[in-house]
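Taken from Swiss-Prot, the feature transmembrane segment covers 20-40, 78-98, 107-127, 173-193, 194-214.
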Amino acid sequence: MHLSGDDVIVWQYGVVKLNQTIVMTWVIMVFLAGGSAFLTRRLSSGIRISRWQSFLEMIVTMAMQQIREIGLRQPEKYLSYLATLFLFVATAVLFTIIPGYEPPTGSLSTTAALALSVFVAVPLYGIERVGFGAYLKSYMKPTFIMLPFNIISEFSRTLALAVRLFGNMMSGVMIIGILLGIAPLFFPVLMSVLGLLTGMVQAYIFSMLATVYIAAATKSRDE
């Protein structure tokens, strides 16, 4: 059992290698894109809507309400990005029920890429909200001496996001691998269920931390 899909080479041409992590990342992205298109193909803007559309709207409303409670006044502007983060991590976890599947989130390269997207999104949303000059000045609050510390803080929390998600996902894979050698039937099933629950919690925490960072960039920086 491999701890990471990085170790499994699916295709290679010279120095160019395509590992399982990259393949499964694209599989998840295609699955989410195709699933979204399929589930929303019959949505209506009219008065009469289906029960399915009513259910989807209820979920979207709940998500926007939670985003608003964190501090983002216009949650619809951020919902697509934050929901994509959650759905990607959650889907990567749910696919672990497939035999032989290794979640791409068990690779530091994937979690680093997700954290990097948050690192880029935070200043973009902040600049869009308060302007380029005001956003840059926020790094010198309450005094210009804080500039290097605020910059270090931006990088350190990005690293923390990547390592936190990677550590939790990798630990689940390692525990299941160990228990497979002890009790090939009972323990892996139990740990798989617990792993799914833990993974969903991690997906939620990751997206909520991204929401908090964006809220800090668009709210507190403008005060």
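Quick reminder: no glycine exception, Cβ is built from N, Cα and C everywhere.
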### Query
Taking 3+ C-beta pairs under 8 angstroms (sequence gap of 6 or more) as contact, is the transmembrane segment (194-214) in contact with the transmembrane segment (20-40)?
no
### Summary
Residues outside the transmembrane segment (78-98) whose C-beta sits under 8 Å from one of its C-beta atoms, at least 6 past its ends, are 24, 28-29, 31-32, 60, 63-64, 67, 72, 104-105, 114, 117-118, 121, 125, 165, 169, 192, 195-196, 199-200, 202-204, 206-207, 210-211, 214
